[in-house]
Structures are given as structure tokens and as C-alpha cells.
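Engineer: Can you keep this structure in mind? I'll have questions shortly.
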Amino acid sequence: MSQIQTAPLPVMPSQAAAAADAAASRWKVADVAALYELPFNDLLFRAQQVHREHFDANTVQLSTLLSIKTGGCEEDCAYCPQSVHHETGLKAEKLMEVEEVLAAARVAKENGATRFCMGAAWRNPKDRHLEPIKDMIRGVKSMGLETCVTLGMLEAHQAQALREAGLDYYNHNLDTSPEFYGQIISTRTYQDRLDTLEHVRDAGINVCCGGIVGLGESRRERAGLIAQLANMEPYPESVPINNLVQVEGTPLTGTEALDPFEFVRTIAVARITMPRAMVRLSAGREQMDEALQAMCFLAGANSIFYGDQLLTTSNPQAEADRKLLARLGIRAEAAQQMPAERECSHGCEGH
């Protein structure tokens, strides 16, 4: 089995630095749309310049995502096969046992991941659900892995409980722009999402927040999503950019596929508007050829989800990823002591 070259973990930006970025530029949707309109080469050149100011351009973080509770979600997100509103043939499952999750985390670490994400298909977790999840967080952190969970909407006290368990990141995506949002989901408002993100931020947990493109939105609406993310104060430390994976039985089956260059443009625009964020090349990567993935790295993506599965959709084989990164001369960040090597963006002394 080929080996991936490793590089030291980057230190995440401080809150002061991210706030300075936000103060320097409040992004209007029109300004973000203007970035999209740049000639492709000019846009990528600018994004790569910004990327090199803040990161090693030849290093990516390998993340692994595990569905710890699959299906049965009450939300009606039009893209999601885990919704009870859609007939996708997906069977709802109970929350995994703690030791099962920790075993998967050990394998992820052995395969080179430095970040382990856990996702549960809930509208919002009950307090009793958090007890085993806190054990999962503690166990994964004890392995030296960065931790992230996505559990749906949170109340303030729940976010604080996760923070006390040592959680590094909470993922809660905006999905799309405020203007297009009503076309995608009706069971949760945009403000609901923003409220959860506020609870996460107030608890001192790093924010992981991005969206999905290829939902049928316009370029202007894609610009609206990026502007919404970039204007958070501070903007998210982690920004996953997903390309719609169409699943039979969901309302978005048959949606016209997004132009591949438009996806690369979205990565580049995210990098320019959120220069210190980890921009994560997320769902939809299996449908991308190697040249397209390479362009995404050039545009500023510096993290991939690594492993054969992303929640309920497939992902490129790990060995294929190893070979691609080696051919591109890209190193995976090295597993080092966590979380000391990655600074909390809120000035806390460790999670």
C-alpha cells in the first residue's frame, strides 16, 4: 500500500485574526458575484495567492466522516436520502455503540486521518442522546484526532455540554442562500440554523459551516451563500463545499448537474472571501475526475473527506486518494498531539 507524505498540522487562526478579516471586508452579494465573473485563470490565480498567504499550498487535511445514526430524520431537505419524507429505501438505524465508533476512529487514524467527524440524522438531539456522544468525543480525542459532530439543531445548554466534553468543531451547514432556501427545505428556517451556530460560537466551539451547490440555484444564489458565510463574525473556521449527489427518491433527482468549472469557481471564491478557513472538498468528489480535483486544490481547497463512505453516499477509495495526492506532490498533514497544535479560535486554553 502506498504511503501519503505527511506535514505538520497547521495552527488555526485566532479569533482576533478572523475578526480582523471580517472588519476589513463585509462582502456584498454583488461583490461575491463579481468574483464569479472573473476569467477562470484570473480567479484561480487570485485564490492561490490568498491560499499561500495563510497555508502551505501543498498540504491537505484528511478527514473521515462516520454516520453514527442513519436515517429517520424528520426534516424534509430535498437533497437528503435520510429524510422520512422521501422514499429512498434507506433503513433507519439506532445510534451506534460507543465502542463501534471508537473502533472506526482507530481505523481512520491508521489510514492517515487527523480529523474524525460524526453525523447523526436528527432534527435536534434530546439531552439523553448527548451522553454517549460525549463519550465518543472524549474517546476520539484521546487518540489525538480532531473531533467534529453534526447532530442537527442545538440548544445553548447542549452546545455547552459538547464543549465541556472537549468537542473541537460543530458542523451545521446553511445549505444555500437565504433567497433559495425555501426551495430546499420547509421544516427548518434559515434563522433556526443561524441560532444553532450562535449557540455553538457562544459555547466556544469552532464552527464548521458551508453549503451545497448544484441544487438548481443560480450563480447569484451561490454568491449569496458565500456572502452569508463570509459575513459571519467571525466567519467559520471550517467551510465544507458540497456538490449535490443525486439520490433516487429525493425531490432533486434529475436536477441539471452543475458545470464542473462552476464548482471550482465556488471553491476559489470561498478561499478568497474566507482566507483563513479550512475549505473542505466534501460530498460529490466521487463524481469528479482527478483533473477536476486537482483544480479544486489549486483553487484553495485544503481538506478532503477520506474513506469509502460519506454518511449515506459513496466517496473515492482511500487508495485512489493516496495515489492522486502523491502524483500531485501534496502531503497530508501529520498526526500530532491534539488539540494543542490547533489553536482554539476563542482564546480558550484547550478543549
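For all residues, glycine too, the Cβ spot is worked out from N, Cα and C.
So Swiss-Prot lists these for the protein:
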BINDING   C73, C77, C80  [4Fe-4S] cluster binding site
BINDING   C117, C148, C208, R280  [2Fe-2S] cluster binding site
DOMAIN    58-285  domain 'Radical SAM core'
Engineer: Near the [2Fe-2S] cluster site, what residues other than C117, C148, C208, R280 in the same chain have a C-beta no further than 8 Å from the centroid of the listed C-beta atoms?
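Structural biologist: Near the [2Fe-2S] cluster site, the remaining chain residues are S63, L65, R115, T150, Y169, N171, S238, P240.
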Engineer: Give the sequence-ordered list of residues that share a chain with C148 ([2Fe-2S] cluster binding site), lie 6 or more positions from it, and have CB atoms under 8 Å from its CB.
Structural biologist: S63, R115, F116, C117, M118, L167, D168, Y169, Y170, N171, C208, S238
Engineer: Just to verify a number: CA distance, C80 ([4Fe-4S] cluster binding site) to R280 ([2Fe-2S] cluster binding site), in angstrom, no decimals.
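Structural biologist: Distance between the two Cα atoms comes out at 19 Å.
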Engineer: Please identify which of C77, C208 has the densest Cβ environment, defined as other Cβ atoms within 10 Å, among these binding-site residues.
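Structural biologist: Ranked by Cβ atoms within 10 Å, first place goes to C208.
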Engineer: Measure from the Cβ of C80 ([4Fe-4S] cluster binding site) and count the other Cβ atoms within 10 Å, all protein chains considered.
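Structural biologist: For C80 ([4Fe-4S] cluster binding site), the 10 Å Cβ neighbour count is 25.
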Engineer: What is the separation, in Å, between the Cα atoms of R280 ([2Fe-2S] cluster binding site) and C77 ([4Fe-4S] cluster binding site)?
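Structural biologist: R280 ([2Fe-2S] cluster binding site) and C77 ([4Fe-4S] cluster binding site) have their Cα atoms 21 Å apart.
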